[in-house]
Amino acid sequence: MENPAFDPPTYEEPEHRDIRPSVISAFGHDTLDRVPNIDFYRNAGSVSGHRAVRPSLQELHDVFQKGGVSIPDTVDDTDDSLGTPSVDAEMALTPPKKDGTVKFGWIRGVLVRCMLNIWGVMLFIRLSWVFGQAGAGLGCVIILLSMVVTTITCLSMSAICTNGVVRGGGAYYLISRSLGPEFGGSIGLIFAFANAVAVAMYVVGFAETVVDLLKEHNALMTDPVNDIRIVGCITVVLLLGISVAGMEWEAKAQIILLVILLVAIVNVFVGTVIPATEDKRSKGFFNYHASILEENFMPDFRGEESFFSVFAIFFPAATGILAGANISGDLKDANAALPKGTLLAIIITGITYLGVALCVAATTVRDATGTNSTIVEGQHCNFSVACDFGYDFSACASEGCGFGLMNNFQVMTLVSGFGPLIIAGTFSATLSSALASLVSAPKVFQALCKDKIYKGLEFFAKGHGKNNEPLRGYILTFIIAVAFILIAELNVIAPIISNFFLASYALINFSCFHASYAKSPGWRPAYKYYNMWLSLFGAVLCCAVMFVINWWAALLTYCIELLLYIYVTVKKPDVNWGSSTQAVQFVSAVNNALSLSGVDDHVKNFRPQCLVMTGAPMNRPALLDLAHCFTKNYGLCVACEVFQGPRSEKLQEMNASIECNLAWIKKTKRKAFYNVVANNSFREGAETLLQAAGLGRLKPNTLVLGFKKDWRTADREDVHNYVGVFHDSFDFEYGTVMLRMKQGLDVSHILKANEEMNRQALEQQAENEQFQNGGKGLFKKSKRSSQQVLTTRVSVNVPQSDEVARANQGLIDASTQFKKKLGKGTIDVWWLFDDGGLTLLLPYILTTRKKFKDCKMRIFVAGLPGRLQQDNEEMEILLKKFRIKCDDIHVIPDINATPTSTSSKAFDDMIAPFRLNEGNKETPQAEALKKENPWKITDTELASFEEKTNLQIRLNELLQEKSSTAKLIIVSLPIARKGAISDHLYMAWLDTLTKDLPPTLLIRGNHKSVLTFYS
């Protein structure tokens, strides 16, 4: 009968077939478009080795080429393909293999396995003791509470596992694909360990039964504890042999054990109606009586036991619900099998537990002597309800008794119709559960290791045989199980794994809630009978039960989870599973951005948001690193690149650049975004970025760019575009920052040379290997590494002069100087013009960073000769109000002095090629020259801005005199008035001001306050 609560999609896995190159039959004309097909939706990292591809949008949209466009029907996704590592290869649907691989349906794979795991050691060995301690009332509460926890968890698991294809890994797979590798990685390790410990628990339960039999026949080998250890170790070795033999043998063994177990359960019910013998009555069994049930209804906790301690011992009996999920990779259709099989198993086993327990509680008293303790005539007896049946067990009050619900773990044998069948059932229950856990733990652990979340555990990812059996995982599970078997105490082992299983259930429930809360369009579970708030309640309930059972064990469990979570977060495994955590982060980011849009900017909350004109970020790393020092992780940093040329021609190059540069930013751990545009010129591209970059309040407010070192030899249009970016930045009211370093910023030529050398080295290595492989033993294979080959290539094929080598090395060192910590030194701030405070704020921010913490800040300001002390005090008061620490303040009185003739001549020589020199020509001739060369510097312009020119020359002299040893120099950026100052004159000012100096920043704010002394 079909389960009406579940109507899952059928994930068929047909034989791979080629896709027709056209669909004439469907549309009546030839077209490159394809009809919808499941093969198009297979993952890019498909383990099947090939997948169908639909034509790209560009192939359909680009200008039609005669002769047609060649589009491959399939692509190979082998190990040599360029698949993105972030793709989850396991999610790919694989064509069915005809190699004898065993796949199970919902009955054998889930229902049988879950029932056998739930009907574990507790059913015949501890259930009677649980009802003896807690009574029939609270005993039913314990069973029902366990069922509530497991049912809610099953509903959550059903929703998760029907939201897409489920592969191997069980609870780890479900949690990791829902919440991400951080949660999945932490709980996966704990869950695999819990299953390994569960093997020990079930085997110890089996060993207890065997040792009790040995006691009855006086055949103990040593003492009871050591006999449990011996029998347990031998048993786990035999179970390991069955597991290693393969899943098929394990499944057959499970069926045999299930039949024995069912017969034993029926035997219990039959035994309760068979009239009790004298021997059974002396041991506390009196068939059904309401008075016995009434007496056993209320709890009678003895020793240190309580409701929750008893619940902790019983709860592992309910933990078998994930037995089917743990072998999800071996199921034919996990999406349909898991919900149906698991829910049915919970219902059947829950009813069985309640039925068996109530039968025992209604037929057996709590204490019995096991001897013929009949009541002598005239003797008064009120010890227990047994008195009503002629038995006086009052001796149990003063001395320990060996029988009854409270004292004898083998009560089920006593109650049953045929005792040996219960012993066989006990063997079957314990061994089947142990076998299921012994299979589950390595499977989960193997899936965890395959994802390479923990680098040191990849050794255990390897599988063997047609079913990819994790033999190495089996050995590890065996070792853990033996270690816990040596404890030899069931009541000690059970609470240990209760917390681990509850933590897993809590995260499964939270995964379902989190995925529902994220409201991602990708969350479309076929199983509809779940509720996000019920899942949250289940998660909270699991956490509460953990702490009630054992608060310190719960804290320990969460501490272990937290440490593993932090480890995975720091290591950042290269996976992307589209988790609900990502969906919630996205929703949160959008909501926060929207909420910011409704709030006006305030000067106290100002922080630099940098638009960095790096080009390809890897080409100018120093520029990006310095900008990141301004923003750190608290502001926006956008690295920008402009492709010059028609967009249609640059589109492919742009797409390749985006992928490459984003990978570089991620690999080098630079905290920045990357944006790229294509325009006809650099200025147009920068203008687009200045206007469009950002989102709401998350918008850049500071432009950062490097100095154009080749302005003297560059095309005048390039110079015009570069200077135009400054004008546009001022027009859009951006703060503007320009960085100049003596060595330069652009390392692209070195990167290209290294790339070429690497390519040549690989070619040479391939040639060497081909030659050696063809030698057939005549030559010994070279053991040189690829790095040695590369070194040889560099020294032989790329000769460099000492001067070029030194220059390149200096450039490389300079490009990384803001990536590492700077030593002791100064940051010299020449705050010449009040621009709103940006020139002062940025160096202050730098002093708060670890890289600059050993640098002291010095302030230089212009002053008048007659009031140096007053200017110094005023600046000191201002800095104190701003709460900005400064080690020294220098007032420069002669900043407007005439520069030296040497410096002036150097400036004249610099601008000579760009001057019009119209002053010594007739007016008509001069006008013709201006019209012919409007970009050149005129004599009139030079005369008009002579003072400003002299100021730049003089400033450079002062900078070289007072700041030549600084780690970083910051100077107010001069502004070129639009339409008045030519591009080349402005570039000459910038060049003159910053030449022959340590790294220098020219800064100009947008003349709106970014500093305030009000609270």
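Note that Cβ sites are derived from N, Cα and C of the backbone, with glycine treated the same way.
As written in TrEMBL, here are the features:
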DOMAIN    20-77  domain 'Amino acid permease N-terminal'
DOMAIN    109-611  domain 'Amino acid permease/ SLC12A'
DOMAIN    620-1015  domain 'SLC12A transporter C-terminal'
TRANSMEM  110-129  transmembrane segment
TRANSMEM  141-166  transmembrane segment
TRANSMEM  187-207  transmembrane segment
TRANSMEM  227-246  transmembrane segment
TRANSMEM  255-276  transmembrane segment
TRANSMEM  307-329  transmembrane segment
TRANSMEM  341-363  transmembrane segment
TRANSMEM  421-445  transmembrane segment
TRANSMEM  474-494  transmembrane segment
TRANSMEM  500-518  transmembrane segment
TRANSMEM  530-553  transmembrane segment
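Packing against the transmembrane segment (141-166) from elsewhere in the chain are residues 6, 8-9, 11, 91, 93, 130, 134, 173-174, 177-178, 307, 310-311, 314-315, 317-319, 321-322, 325, 328, 331, 334-335, 338-339, 342-343, 346, 350, 353-354, 357, 502, 505, 508-509, 511-513, 515-516, 522-527, 529-531, 534-535, 537-538, 541-542, 545: each is 6 or more residues past its ends and has a CB under 8 Å from a CB in it. Sequence-distant contacts of the transmembrane segment (474-494), counting only residues of its own chain at least 6 positions beyond either end whose CB sits under 8 Å from a CB of the stretch, comprise 121, 125-126, 193, 195-197, 199-201, 203-205, 207-208, 225-226, 228-229, 232-233, 236-237, 240, 243-244, 312-313, 315-316, 438, 441-442, 445, 460.
For the transmembrane segment (227-246), the residues of the chain that approach it from at least six positions outside its boundaries are 102, 199-200, 203-204, 206-208, 210-211, 214, 220-221, 253, 431, 434-435, 438-439, 442, 465, 467, 469, 471, 474, 478, 481-482, 485-486, 488, judged by C-beta separation under 8 angstroms. Of the two recorded stretches, the transmembrane segment (187-207) lies close to the transmembrane segment (110-129), with three or more CB pairs under 8 Å once pairs fewer than 6 apart in sequence are set aside. In this chain, the transmembrane segment (341-363) lies close to the transmembrane segment (307-329): three or more C-beta pairs between them fall below 8 angstroms, excluding pairs fewer than 6 positions apart. Over the domain 'SLC12A transporter C-terminal' (620-1015) the predicted model carries a mean pLDDT of 85. Listed by sequence, the residues of this chain that lie at least six past the ends of the transmembrane segment (255-276) yet keep a Cβ under 8 A from its Cβ atoms are 108, 112, 115-116, 119, 123-124, 285-288, 352, 355-356, 359-360, 362-363, 412, 415-418, 421-422, 424-429, 431-432, 435.
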